[in-house]
Each structure stands twice: as structure tokens, then as C-alpha cells.
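Look at TrEMBL and you will find 60-166, 187-290 tagged as domain 'Calponin-homology (CH)'. Positions annotated as repeat 'Filamin' by TrEMBL: 297-395, 397-495, 496-592, 592-683, 686-783, 784-879.
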Amino acid sequence: MCCARDKDVLTGVASNLQASDKKFEIASNMQSVDEKSGISYEDEEDEMERDLAEDAVWKRIQQNTFTRWANEHLKSINKVINNLETDLSDGLKLIGLIEVLSGKKLPRHNKKTCFRSQKLENVSVALKFLEEDEGIKIVNIDSTDIVDCKLKLILGLIWTLILHYSISMPMWEGEDADLVLGSKGGPSPKQRLLGWIQSKVPDIPINNFTSDWNDGRAMGALVDAVAPGLCPDWPEWSPNNALQNASEAMGLANDWLNVPQLIRPEEMVNPKVDELSMMTYLSQYPNAKLQPGAPLHPRVNPNRVRCYGPGIEPAGVVCGAPTSFTVETFSAGKGDVQVFIENPIGHLEPVEVTFNNDRSRTYTVTYTAKMEGLHKVKVLFTGKEVPKSPYIVKVEGTAGDFKKVTASGPGLDPTGVMVGRPTYFDVFTKDAGKGQVEVIILDQLGNRNTTLYRLVKISEYVYRCEYVAQNIGVHSINVFFAGQQIPKSPFGVRVSPVADSRRIRAYGRGLQSNGVRVKELADFKVSTADTGEGDLDVKVIGPGGVKEKIEVKKVDETTYECIYKPMKEGRYIITISYGGQEIPRSPFEVNVGPHKESKIRAYGPGLKGGVVGLPAIFTVETNGETGSLGFAIEGPCQAKIDCQDNGDGSADICYLPTAPGQYAVHILCDNEDIPKSPYIAEILPKADFFPERVKAYGPGLEKNGVIQGQCTDFTIDARKAGNPSSLDVSVMDENYKSVDVKIQDNKDGTYKCTYCPTSKNKHTVQVNFAGSAISNSPFRVYVSEPTDSSKVKVFGPGVEKGVKAQIPTHFNVDAQGCGKGDLQILLTDEKGKQVPVQIQDNEDETYTVDYVSPTPGTYKVTVMFAGEEIPNSPIKVNIQPRVDVSKIKVDGLESSNVNSLRRKKIVVSMTLL
């Protein structure tokens, strides 16, 4: 009655994928890796055309650098690339590298590659993952280019990985706010890296990633800027000793900053050094950490001191209100900071200098101007004035009313701010009078210099503060006006991880392409675990572009349940966005079919979930409905299906999942999903328990013997099943209504289960352990009505008057409504001898009993039902002779001597009865 077909829908690799035909695009060698990056192989095309030899300098340097970069990451999985041109051809090392970089497992692929088709498929898995899951724009490459070892395109692929994972994604400590918040949309990766280096090394003009590094001095300056005192002698280095300079600086970085030499010193000083190789190497410095025990010999350099803040702005400071500014000495070495404030009449004003003891070695300087006019602010480091000192500050007016200042904007909302993402808020000072606006942002540890921010005046009375938080946790945003905190300040803002829509998972019946029908509730869930905070937006567009109503309910902190009810047939489009970005596979297309009624029912644990490597079982009952029954399983891997026809209109279905994830279980009748199909089953990874070792036994599981209205029980023995896990027991009658089950834990690994059936006929008992059916489950139990022998009726000629010896007769027994029970008939003569009887079951709870009495006399008929004698039993039956002697007539016997020897003729006539 049933057939099964496997439907393999692989995550990331569809079974019909033609790896050799599918084209991918990769932002690589052939054109700009980023529209704003300014880096393009086309820019160097003329040079490449002049030097196409296999050992071209740029190609050799780039291949070496990219190989070393890849191997630094592959070390964690004990893999190594010896030849970048050939070692990625089977796709396995490429997949391993991407898994390390992304921190994610790639979809199913070929672990052994004996054939070209398997290599092509592996590379296709990797490229498709980068494009669809990681959101990396890809152009002009397909899997054949990697398998065929085309070096130029392979280098482009590796550069794309470097650009995304090493340059674009990481947040850098100490990064200047203007670099992050500068132009609309932010700087390009090249601009960002170059800007960071320029801010660290202001003493040397660095404007590119090639020639400005050839003499090695810039390298020494950068190392000393990242770790002051590690390379203090670089200013005395001669440009003529380029290789020695580069070797010393890069050696110190390798030993004490954990910056591997992805490019060699001799390659760096080569006039044809590759720009992308230099960017790859230098991208390690922003987050380099100084190791304990480093040989530091710091030099004092006041020219590296930076000063910033409202207290040294040319205008804005008012009388009577505290103002402040910051002095940063990180790159200047160790020394004392002195600040002097000279008022218009030449007197010094009191000033407070506080060391913040942070990584940037900053000082907060606070003073209060007492008169209007020009003030001179002198800043000295180790007794010498720093650049731009003295600062001329015009003090004008008196402090306004801070209570009239307000602030608002997304950057002050309690939630919604994400780490590494720019946000802002506005400060409104209308009617507040004169005063400076100042913002101090403290991270969750109270540090004030970890958050990049910039305060700009956008109109006469409105200031905008743009900031980028670099740490997660609750931040305190303090807004001051004229030296006083404005109302509601400080503002508490929880900074969350970046909302990564690519990690959102949406699953459920309501997203399946087929199966949903008109007027059915279609549901699905959205999981936002490990994705950061963001707003979930779900839209359902029905036929004709009509927006459908959908209910979105938050189940827990990371799970949302979505339900909609389609009222028309046709195509429905469901879009799901998180944090303003669509999630993978969105929009979903759902084809809603017409409403359909069906008698077919399905139940069992395999429709809800299961465990990898264990059979997932469910049952389908047709209830007399005709049609071709079929099954299909869609999920992360192929699942073999077995179908057992029970011969009673039902079938037990078993499928074996081999990978965790959500599986769509389609139950089809004449190739159409039945109502409620497909079912979504959550398959969990293999764990340390064994449902197949659980045993269940007892009268409550026997096929026969359970009586309606009488409680029965059975025992579950889970002692050999491994770690304790969830036990689920359910009993269902023939109308699919549940029967209450009481489970008693015996505290020894066994359980006693008791249930009381209230209806008769078939009941189904399901026993599931850890979401999987145990051996022999489901159990089918046929419940009988309770027996009542008093209702048994006996009638018919065989128990009435007129029964004749040696003549067949019969009587009837009516046990309808008496419950299930065996009928026993005992027929005995006057001497107690048993007479054979034949009992015929009419299969409608009535019986016919045939017998033949051998001799006349009084017989007893004893009737037993369900082991009990019925009322009026035994029944006495008078068996008459076959001939009635009272009706015999004798002629010819006149009055005479009967002893006479005279022969007489006697006629006897008998009437046979």
C-alpha cells in the first residue's frame, strides 16, 4: 500500500549541482576588490603584460606571502600548503581554510577525491558558501579555475579572503574616529589601513604600500609606535641599510608582537614589492600585542603627544563652567605632563591634570575660566612644549542653563547599539545659553578611551555625537553642557555583538515550498542565537501583491514563532530581515494549495524529531481512504526510508538521518501532501544514550487482554540505555484521542506506566526515549469491553421441548454487548457422560451450537462465558426416544391362552415420529 522515495536536499550542495558548469564571481585579480579600495590589478595591467614570466617578481612575492598567510591559519587544523598553485585543486584545503577563517562548518563534501567531478564539487561548495553564507562578492571565477590550477585566479581568491577576514572585518584598537566615521559609508580597506598607519607614524610620510617601505625605516617606526621602546633607534637608521633595517624591525615584531613574517625583509625592500602582499603583512599590526619580557628602551619624544577636546578649541569656552581636554602620550614614551592656563591679564588659572592609567596613557586636563578674553593653554611633556602648544582659547560669555539641554537619538537607546557599528545621538541646546557640549563615553569596565567618537555642530543649537563602541556590555554615555551633566545623563546603553543576519536560521512548515493549504495555520520559527541584537522584520506577500497578516511572537531570548493563515491559493513570498538585512535564502516562496479534507492520519516521534544515526519512526493510517501513499524526506543529508505495510490500512515508516538539522517529512497521497504535511523534525546530534536498548513489557502492551474501563500497566526498563534522558509515553485510542498515562519512576532505571482506557478497540502505545522510538514501539493494543455473563442469552430448538435422541439439533447463544470472552458449552447425560457439541462463531458475538444426543433422557447444558457460568445454567433438556411406543398398535391378539402352541398371525403397526 505504500511506497517510499528519498529526496536529498543538501545544505549548500544540491544533488543536481553541476560543479563544472556553475559560474562564480570573485572580486579578485581581474578587477577591484572593493569599489572604494583603489586597489586593482587593472591598474598594474601594463606592468604585468611586460612581465608575464612564471617567475615574475610580483607574482613570486605575492604567491609566497599568500601561502604563508594561509598556512598561519591552517596550523590550527594541522594542514599545510606547499604549493599554492596546486594544493587547492581538490578543494579540501580550501574548505579547511574557510572553516578556520569563518568559524563555521561547511556543508557536506567529498572527503576523498578520486575523480575530477568530486574535486569540482568540493570547490563549488567552498565558493557557494563564501557567496551565500559569508556575503562575499565574487566575480569571474568558477570551480574549474581552481581545479585546473590557474595561479592568477587562485591568487585573486586568496586576496579576497585576506581582504574580508584580515582587513575589512576586524576592529582595531586606537583607531581614529575620523577614519571610521569620516566619509559617507566609511573608508575603503586600503584607506582604513593606511590611515591607521599614518596616525601611528606621523614623523615619516607614508602614502603607499610599496616604495615608502623600501628603506626599512618606516617599518622600524611602526614597530616602535605599536610598542614604544621596542625599536627606539630607528630615527638613526640609514636608508642605505634597507635590508638590515627591515630585518631588525620585522624580527622584533615577530619575536615580541607575534607578527609572523608573511613577507620577507628582502621582499619588502625590493623595488617591485607587491602592494597586496604588504597590505597582508601590515594588517597584522593594528591588533598586535606586546609580549611579556620584551626588551623595551623607550625614547622620549614630545612631538608624538596628541591633545584634543573642547578645552583647547578656539571658541566655545565660557566663564564659570568647567571644561576639559585630553593629552595622549602613548607614542611619546614615559614622561611628566604639565599644563599651564594663562588668562588675559597674564595670571595662571588653577588646572587639574589626572592620569587615566589606560593603554593610550592619557591625561584628563580640567580648568574653569574666570574671565572673558583670550587664554593661552600650554602643554609640556618632559619639560618641552608639545606640537601646537600654546593653544589660544577665546573665553566668551557666562555658563548657560544645563537643565534646558536635551539629547536623543538611536545612540542613546537602551538597546540596539552594536559593537563596531557607527551610531549617533543629537544634543539640543536651544534656549540654554552659552556653554560647551562635552561627551564622555565609558565602557563596561569604566574605561573612557575605548570608544571612538566625534562631536560636531550641525546647526546653531544642535550638536551630533557619532560613535563606534568597540566592546560589548553596558556603556555609560555622559553628556555635559557648561561643565554640568544634562538631565537624564548618564545614559545607560547596552552594546551588543554585531547583528549578523547571515547566522539567522528560519525553519518550519510555513516556509516549505509545497504542502501548505488554504485556511491552514502555517507556522515557522526564526532563531537569532549568536547573531547580536537587531530588529526582526517578517513580511508575507500573497497573490496579487497583497500584504498578509502574520503574527510574530517571541518565544525566548533568541527564538521567534511566526504564524500566518493563507486564505487564497497561489504563490506567497515571505521575506525575513534582521538588523535591516535579509537572512540567507530569503525571500522564501510558498505555493499554497487548495483546501483539502483527508481521513489519513499520521503520528509518531519521527514527525517531531530524532537523533543522528537512530531510526526516526512514525505511523500513517489511511482509515479507508484510497490512493497511492508516498513519502519524501528533505533535510541536510540523504535519509533512507523503509516502509512496512501492516495490512490493516496502516504503515510504519522509518527513516535514518545521518546529519543534524531540520528535516521536512512529506506524506503524500497521489503525489500531493496530505493536510498538515510536511512535518518538521528536529534531528539532534548523536549523544551518549541508546534508545534501542530500552525494553518495555507488561499486560498493558499485550495485543489482547486489556479491558475497557479497567486500569492496566506495563514496565519500561532503561537501565542499559546510557545517560538518563527524557522519557515520553503516550496512549491514543482509535479516534486519536489521548489517554492519560501515569509514569512512576522506580529510581532504579525502570518505570511503571499505568493507563485506564475508556473506549474499546485499537489503542496505540508509543514509548520514546530521548526523542526516538524504543524497540517494537508503537505497540498496538486491542481493548475489549468488560464481560457481563448475565447478559448472555441461550435459545433455540436444542434447549426446548421435543428434542429426539439420535436426531441432530442446535441452539443459539447471543453474547452481544457482553464484552469479549470465550464461550464454553458442556452437554452431559443422566450419568454425567459428556456429549460432543460443535460451536460455530458467527463473528457478530453470536454462536450456533450443534449436537446429537445418543439416547433419551434428561441432559444438562452448562454455558460458560468469559470463565463464568451464565444465569439459568445448567439448562435441563428432556431428550425423547426416536420412536413413541404409546402410538404402537398390535392386531391379532384375541383372548386366548398365550401359552398355546397354536400359531396365530399378529399384525403390528407403528407410527414413526
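The backbone N, Cα and C atoms fix where each Cβ goes, glycine too.
Here the repeat 'Filamin' (297-395) has, by DSSP, the following mix of helix, strand and coil residues: 9 helix, 47 strand, 43 coil. Per-residue confidence over the repeat 'Filamin' (297-395) averages 91 (mean pLDDT, predicted model). Secondary structure by DSSP for the domain 'Calponin-homology (CH)' (187-290): 58 helix, 0 strand, 46 coil. Residue counts for the domain 'Calponin-homology (CH)' (60-166) under DSSP, split into helix (H, G, I), strand (E, B) and coil, are 67 helix, 5 strand, 35 coil.
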